[in-house]
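**Q** Supplied in structure tokens, the structure appears directly below.
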């Protein structure tokens, strides 16, 4: 790939940060340490590139990131004037943690990742950063950390997984989650239940639908912080290896031209990122994370920006969880660049935004494949959308005075009025499914699991999957002050602000109350008289904190509400 920059170029030192340590004669101990890690005399004048991966053995999304990081380090070291230094940070496997209390740590991990990238690179004076994330919170954590440092940076996505297969049926991670509901209702045999579990995940790569990881990877490529095709190159592919091999030249180009995240991550670039999320039918988590990423670079993005763009942006991608296809299928028809090329042609994107290639978004995709709407139905044209407007809707009302996020594909309708069934937490809901407490026409209310109440705002993938598997996905709605996985589908509303423990009305809902959700007029309301609400509020007792020490307690104390991205550094 060719890298360039159209702006004014001035001669700069590539090692302008690391020279603080490598060139200062009053730092002999520092320089002795460098010799200790194998530096040669000529290495002290080189720009240091920190290569951070979220590699660990315990997650298919991340198990190969160390290998990718090593390839990137080799690419950097083969590039004149650069030296690569690998480091690592943590991750949480959402697929493993979902459904249990460990899921409270997932969103927290985004902040830990950002903090550790900032901490390591800030202390070590790296001149540039390359991040290699895999699972959901890895991506925004990486971008937030790089934005805070504001040094030349590139994100290399670990890549999507291939589909699994059992008895001729294609599987993915959500197949395993939904099998639980089928098991509870007796709609799957023990043998097939085990067969789905054994075959849903065939190996390396992030969960394969348009779930949170793939959504954010596509958004970040569109934002301009990844090389073209990064988000749709499969984890196990020659294309992903080739991408790693290009990073040395790419990061040197950014260093030479002093192109920083603040030059790339503009208001218009974030609008592009939101647009691709809508077009691809992406995860509700994109709302939370794009707001947080923008905050880190000093750009104001709010929930209302999502609604504004949703109002004029159709859903064109037929991807799981609500559609048919996986991201590996998108790769076969030209990947995200082919989609961007089409959207630019139709005037849906800002084409003049700068990217990590040193070129604009429009220049990056000029040679991408053209989408052929005759030979494939993975992506539809604007005149034949899956949904005429965006699937992510921001709802307000007495149940969500600070807003909430609904994921409405259109298949489940756009209006729901039903009877509340209240659950204080995820396990309470699962118990309710198993006991037959939920029926058609009910609105499940899962509360006290917000950023503070959770703490950590865990995802409700297990409940929504159980609802689908039990055959109630089209006849029940679910609302929560928690989050949803990118794998969630159905009539669902999350991110309710204020959350229950912060005085939100969701904390006062009782069984048999009437709840109305209107995705046409963007409202969510509890149909209970004001005097009755006042009586309940007077008698309300706030639950005791679930965490009083450690990282969960710190998060609960520092976090902003979901409407502000749950950031912790304001």
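Every residue gets a Cβ built from N, Cα and C, even glycine.
Reproduced below are the annotations present in Swiss-Prot:
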type	residues	note
ACT_SITE	485	active site, proton acceptor
BINDING	61, 135, 207	[2Fe-2S] cluster binding site
BINDING	94, 136, 137, 459	Mg(2+) binding site
MOD_RES	137	N6-carboxylysine
**Q** Are there binding-site residues among 61, 94, 137, 207, 459 that sit within 10 Å of residue 485 (active site, proton acceptor), Cα to Cα? If so, list them; otherwise say none.
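**A** Within 10 Å Cα-Cα: 94, 459.
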**Q** Take the Cβ of residue 61 ([2Fe-2S] cluster binding site) and count every other Cβ within 10 Å, whichever protein chain it belongs to.
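**A** By my count, 30.
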**Q** Looking at Cβ-Cβ distances, which residues of the chain lie under 8 angstroms from residue 459 (Mg(2+) binding site) while being 6 or more apart from it?
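**A** Within the chain, residue 459 (Mg(2+) binding site) has Cβ neighbours under 8 Å at 94, 98, 103, 106, 482, 483, 484, 485, 488.
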**Q** Using all protein chains in view, find how many other C-beta atoms are within 10 Å of the C-beta of residue 137 (Mg(2+) binding site).
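**A** There are 29 such Cβ atoms around residue 137 (Mg(2+) binding site).
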